[in-house]
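Engineer: Sending over a structure as structure tokens; questions will come in a sec.
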Amino acid sequence: MNKLLQISIFIVLLLILVFPSTNVFAFSSLQNVYMFEEPYIVEHKGSASLLPGTMLTHNNQSYIPLRDAANLFDLEITSNASGIFLESRTSSSSIHINSSLNHPLPKQTIPSNDFVSFSIPIGAHAGAVLESGQDRPSFTKNANAALYPASTVKVMTALLAIEKGNLSDRVVVGPGAATVPFDSSKAGVRPGDVMTLEQLLHGLMLPSGNDAAVAIAEHIGGSHWQFVQMMNQRARELGATNTTFMNAHGYDHPSQKTTVSDLAKIGAEASKHPEFLKLISTPTYATTYRNRAGSPVHKVWRNTNQMLHNQAYRHSSIIGGKTGYTSVSRHNLISFAEAGGSTYTTVILRGERTQRYYDTTNMLSRAISARQQFDQSNKKQVRVLPLSSSILYNNQPVNLENQAFMYNGTTYIHTDLLSLFSNAVTTASVSSVQQMHAAVNGEIIGFDLTPPVLSSGRMLVPIRAIFDFLELDVHWDASTQTVTGSNRDTVIELRVNQTTAKVNGTTHTLDVPATVVNGRTLVPIRFVAESTGSTIDWGRARVLYLN
């Protein structure tokens, strides 16, 4: 075949190749997403306020109405065709907490988290499924069995290359590419070849080139071994503490082991990068680079992952993945899928050639089904619109990074953005579970990070919070374990762990006594409040802490 014909065939291949796009979940397109929608309370320096809007939570990330943020920070909000404008009304950076209630405190119970789990038989020795936004897998088999990863190691190699390099980097393939074991899978790159990091990553992930892995390692780390140290450090950062890497390509080494749980964590981190998802979803890649002599080298690399080629193995939600095989490790597979606004990382270790694909699709189908059942029972389906307008704060654009969207005509922003609007806020954090709250005479009491507790259906609260609110002077008698609260009209006496109390000298029976928890004295709030003629309401909500 003459050279002109070779080039012509290459061009035809390049034209007909299909590079599927990946839909990385972000609020950048119209979507229907299941979210927790709930009332919420803001606390700052001991003061609390029930905000008028609702909080939306997806994948453990929380969003509040921009209007609520504007009210908190005393910002004027206007909008026109140029964007949404937030302007400080005063030079003060104080936070405005309105404790007065216009309606009762919320009492609906919202699940503390949206973790789902399931069990399913699989043929492989070990398997795992990890959903985005979760800190533990929804399914594992032999979760902590130390096994050989084979070429699934290349997921970490690609992750570090994307994190530490640029796809447009000019890479000169180093001498290590020629030293990989003779029976390795190879991309066919040679020392002195000149290409971009993006081309080299395709040589790493599609034909599973061990030579490409070493070339990337030498480019990013300076040497292969130094890059391996970076891999192990990154694994520890991700919580993959049962993993040890000994090379960048996965060729068997007695000390190179991982677990399905660890590999899922590494894969989940890689899946946060759109470049990675595009890479692993590519079935075939045609490219041209130059060799040491400057002559063009034409390559067409085909992905070893049969899910991208064989319809019998495919699952409609799967984007792609990475295979791995040696005679010692057997057949491994890490896969990535998107469904219902979540990204799933599935791992199979020590499986069989075709069974690993069936195991993957079965695990994924069960994970998606479990998620759908939970969401339909506990969440609201929210129609999310991308925010088409810019947000400017004091005429400076706010870097939203897909952390804002429209829902039901209201602009929502991520709670991480709140620190941009006031010097009084360093961090904004949301409680992982609902907290009990109380309102006395129509005003919410703040408990300064010490939440109330329930005992026999009665709410106990820190003594200082309720006595100060009711303007009662506090006296503590250590010898009798008695706390006294008094003002001009009322004297209340409570003894720790005693079910009787006195109000203006009259003895009353308590449903629950005052008690001490973690060094703090807690008292029954309803008894104390009603003893002063005050009204009491209770409720539960998650709390947005502004610190």
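Counting starts with 1 at the first residue shown.
Cβ atoms here come from the backbone N, Cα and C positions, even for glycine.
Small disclaimer: the values here were computed from a predicted structure and weren't measured.
Here TrEMBL flags Ser151 as active site, acyl-ester intermediate. What TrEMBL lists as active site, proton acceptor is Lys154. The feature active site is assigned by TrEMBL to Ser208. For Lys322, the entry in TrEMBL reads substrate binding site. Here TrEMBL flags 140-350 as domain 'Peptidase S11 D-alanyl-D-alanine carboxypeptidase A N-terminal'. Per TrEMBL, the feature domain 'Copper amine oxidase-like N-terminal' maps to 440-541.
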Engineer: Using Cα coordinates, what distance in whole Å links the residue listed as 'active site, acyl-ester intermediate' and Ser208 (active site)?
Structural biologist: 7
Engineer: Measure from the Cβ of the residue listed as 'active site' and count the other Cβ atoms within 10 Å, all protein chains considered.
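Structural biologist: The residue listed as 'active site': 27 neighbouring Cβ atoms within 10 Å.
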Engineer: Looking only at Cβ atoms, how many others are within 10 Å of the one on Lys154 (active site, proton acceptor)?
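Structural biologist: Lys154 (active site, proton acceptor) is surrounded by 28 other Cβ atoms within 10 Å.
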Engineer: What count of other C-beta atoms do you get within 10 angstroms of the C-beta of Ser151 (active site, acyl-ester intermediate), across all chains shown?
Structural biologist: 27
Engineer: Give me the Cα-Cα distance between Ser208 (active site) and Lys322 (substrate binding site), rounded to a whole Å.
Structural biologist: 8
Engineer: Quick one: mean pLDDT on the domain 'Peptidase S11 D-alanyl-D-alanine carboxypeptidase A N-terminal' (140-350)?
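Structural biologist: It averages 98.
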Engineer: Tell me the Cα distance separating Lys322 (substrate binding site) from Lys154 (active site, proton acceptor), rounded to the nearest angstrom.
Structural biologist: 8
Engineer: Restricting to the same chain and to sequence separations of six or more, state which residues have a Cβ under 8 Å from that of Lys322 (substrate binding site).
Structural biologist: Ser151, Thr152, Lys154, Val155, Met205, Ser208, Ile280, Asn305, Leu333, Ile334
Engineer: Of the residues in the domain 'Copper amine oxidase-like N-terminal' (440-541), how many are helix, strand and coil by DSSP?
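Structural biologist: Taking the domain 'Copper amine oxidase-like N-terminal' (440-541) as a whole: 14 helix, 50 strand, 38 coil.
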